[in-house]
Amino acid sequence: LYGFTCPQAEAIVRQEVVKGLHADIGFAAGLVRMHFHDCFVRGCLLESTADNTAERDSPVNNPSLRGFEVIDSAKARLEEVCHYGKSVVSCADILAYAARDSVALSGGPRYDVPGGRRDGTVSIASEVNDNIPAPTFNLEQLTQNFAAKGLTQEEMVTLSGTFHASTACVHATFTQGLILFTRVHAGAHTIGRAHCTAFSDRLYNFSATGDTDPTLDPEFMAQLQHACPASADDGSVDPNLVVPMEQHTPYALDTLYYSGVLHNRGLFTSDQALLTSAPTAAQVHQSAYGVYPWKTKFVAAMLKMGQIEVLTGGSGQIRVKCSAVNYY
C-alpha cells in the first residue's frame, strides 16, 4: 500500500520495535495485546481528554497495557519521512505492523500484513469490559465473545495461546510466548506476564468456596501461591505482583502454552476452559504437539483479527499523533 507514498514504512516500524524490545523485552507481548485491544474495541491508542476517559485508562488496561512509546516513536519518524502535506501512514497500520514484528522477534512466524487501515476517532473506557474476554470466562463465554467479532471457536483457541498472555491487570489478554508469571488471555497466553489478581481466586477462593481450584495441578498451585501470597484472609493479593504467562519460555511465542493447559497448568479459568469440550480439547492437543500447523492457523487468525471492523476509504482519519484525534 505504501510502496509509493512511504516505502520505508514497515522498515521504520520494525526498527522502532527492535529498539523498544532492546529496552524492555516485555513490549513484545504488550504490542500484540495492544493490537488485540485495538481490534476488539475501538481505539486503545487515544489518550483521555478532559471530557472523556479513553480505553487505555480503563482499569483493564491501566497500568498493564504497554508499548505506547514504541508506536509513538514510529509515528514520529514516519511523519518526518513521509509527510507530504498530510499524514500518510495510519496509527492502526503502525500497530498492526508492530504486533506482527513482535511476533516474529519472539520466535513466532513471519507474515505479511496488508495496509490501508484508517484511524478511528472514538475511544471510550466503558466499552472495554463488554468487548475484552475476562480470565474468568468459561468456554461458552469465550466462544460468544469471539463470535461477536466474526471469529470462530477454532480461531479463538488458536489466538488464546497468544492473547491471554498480554493482559496484566484485571483481565488476561492473548499474547502467547512473552510472559514470565504475569497475566494474559487465551492464545497469547504463551508470551508475557500476568498480574496475580487475574487468577488469585483459583488459589484462595475458587467460585467463592474459600478453597482452591481443584482442576489446577497441585505442584503448579504451590508455585503460584508462593509467587502470589495472600495478603488477607479473603485471599486478596498484592495487585503489583506478576508472574510469567508461561514459565519455561516466557519471552518466546511458542506452543508450550497448550502443553501447560493439557497438564492443568493454565493460569486462568479461561485457559482450562479450553479442555471442557471435545473439539476444543482436541485442538489444544493438536496445537501442543503440532507447532507448524499451529503457526499456519495463527497467521490466518491474526490477519482475520486485523480486519475486524476496520476503517478504510473515507472513514476515520489518518492521525498526525496516535494519542490524539485530528481536530481539523
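Every residue number used here counts from 1 along the chain in the order it is shown.
Even glycines carry a Cβ here, placed using N, Cα and C.
Matching TrEMBL disulfide entries to the candidates C91, C169, C196 identifies the partner of C322 as C91. Record source TrEMBL places C82 in a disulfide bond whose other cysteine, from C6, C39, C44, is C6. Each of the binding-site residues G43, P133 was scored by the other Cβ atoms within 10 Å of its Cβ; the lowest score goes to G43. Every protein chain considered, the tally of other Cβ atoms within 10 Å of the Cβ of V41 (Ca(2+) 1 binding site) stands at 25.
Counting Cβ atoms from all protein chains shown, D254 (Ca(2+) 2 binding site) has 21 others lying within 10 Å of its own Cβ. Considering only the disulfide-bonded residues C44, C322, the Cβ with the fewest other Cβ atoms within 10 Å is that of C322. In this structure the alpha carbons, written CA, of P133 (substrate binding site) and C91 (disulfide bond) are 24 Å apart.
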